[in-house]
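Copied over from TrEMBL, here are the features:
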TRANSMEM  12-33  transmembrane segment
DOMAIN    16-326  domain 'Acyltransferase 3'
TRANSMEM  53-70  transmembrane segment
TRANSMEM  90-107  transmembrane segment
TRANSMEM  141-162  transmembrane segment
TRANSMEM  169-187  transmembrane segment
TRANSMEM  306-326  transmembrane segment
Amino acid sequence: MTEKTFRNKIYWFTFLFSVLVIWVHSYNAVLFLGNTGAAASLVRLERFFGDKIAQIAVPGFFMISSYLFFRGYKPEILMRKWNSRIRSVLVPYIVWNSLYYFGYVIGSRLPYISDVIGKGKIPFGLLETVDAILNYTYNYVFWYLYQLILLILLAPLIYLAVKRVWPGIVFLAILLTGVYLGINLPFLNLDALFYYSFAAFAAVHKKAVVEGVWSRKRLIAGLVLLAAGCISLRTDLPGSSLGETASVTVVYRLLVPVGLWLMVPEERLFEARDFMKNNFFLYAVHFALVRLINKTGALLLPPVPVLAFLLFFFMPLFAVVISWLASRLIRRFAPAVWRLLNGGR
């Protein structure tokens, strides 16, 4: 596919994953209905969307980020790649974590708003500020960016591990085995390293497959991977149940995004609209928007399961529209602030 077509498909998939991530954080059954039987039934329905379907989103983000980093990668351009990610990843990580922390500090001291926040009086001090910025203490969804920063720092080592085909395959197998055995790394999630390394391998060795023109063969291959991913969830592996569950879940969350990428005909995708390119900003603000909308809905709407589910189901629409309108205002009246918040995107 052409470069323009490839970039457009990337926009589409990042938008899809952004919408799915919103579902992950939109559960509202207990908030609306309390600890009741009706809430338990609604929890199961919401969990189907939020756990079974939407949890492919973050692995998809890891793989897209990795593929774009290692696409055309050579050791001599490492510093250029790192400099680019300082602007697009590290700076927004610091800025947004700071904004969330100071927002919580101020909000927790204001009438009514403190009740919505529900965390009591947030402590303010140098150590608390440093902790909030470095460890995303009040911006929980930025665990992904924290992991991504670590993976970007490890990029030279990951490249060494995957630059040859068979050693790369062995490396990926070792990582997946580590997931199965329940091995924990300090600071870094092993499944995140697996997704990132898989996409790095694809960028180095399988660019023709990833960026090939859609065909029926690609459609069939995608369907097979999609089916294999779904079947993997039902696979009964030997060993501890914890390791078994983790490994089959990782396989599912790997195969489904890859299968979808192969299945979707890029030429059928119209050019991504402006609101579909707003994904980083949407990711940064969606958690606060979701909490505000859900708590407001629970306060104003009657405790009816259908209303709670409709609010959950359409939450991505509300978040996309509100974040897009906010981004337009910031871009128009404070473009420098926008570039800072959005990492120069």
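Cβ from N, Cα, C; glycine included.
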Among 12-33, 53-70, 141-162, 169-187, 306-326, the most Cβ pairs under 8 Å with the transmembrane segment (90-107) come from 141-162
Same-chain residues at least 6 beyond the ends of the transmembrane segment (12-33) with a Cβ under 8 Å from one of its Cβ atoms are 39-40, 42-43, 46-47, 49-51, 53-58, 60-61, 64, 141, 257, 260-261, 264, 269, 272, 276-277, 279, 282-283, 286-287, 290, 294-295, 297-298, 301, 303-305, 307-308, 311-312, 315-316, 319-320
Residue list, the transmembrane segment (306-326) vs rest of chain: Cβ under 8 Å, 6 or more residues beyond ends.
18-20, 22-23, 26-29, 31-33, 42, 45-46, 49, 274-275, 278, 281-282, 285-286, 289-290, 293-294, 297-298
Within the same chain, where does the transmembrane segment (141-162) have neighbours whose Cβ lies under 8 angstroms from its own Cβ atoms, ignoring anything closer than 6 residues to its ends? I mean 6 or more beyond.
21, 25, 58, 61-62, 65-66, 69-70, 73, 75, 78, 81-82, 85, 89-90, 92-93, 96-97, 135, 168, 171-172, 187-189, 192-193, 196-197, 200-201, 204-205, 283-284, 286-287
Counting only residues 6 or more past its boundaries, what in the same chain has a CB within less than 8 Å of a CB in the transmembrane segment (53-70)?
10, 13-14, 16-18, 20-21, 23-24, 81, 85, 144, 147-148, 151-152, 155, 159, 191-192, 195-200, 202-204, 210, 249-250, 252-254, 256-258
In the domain 'Acyltransferase 3' (16-326), averaged pLDDT is 93
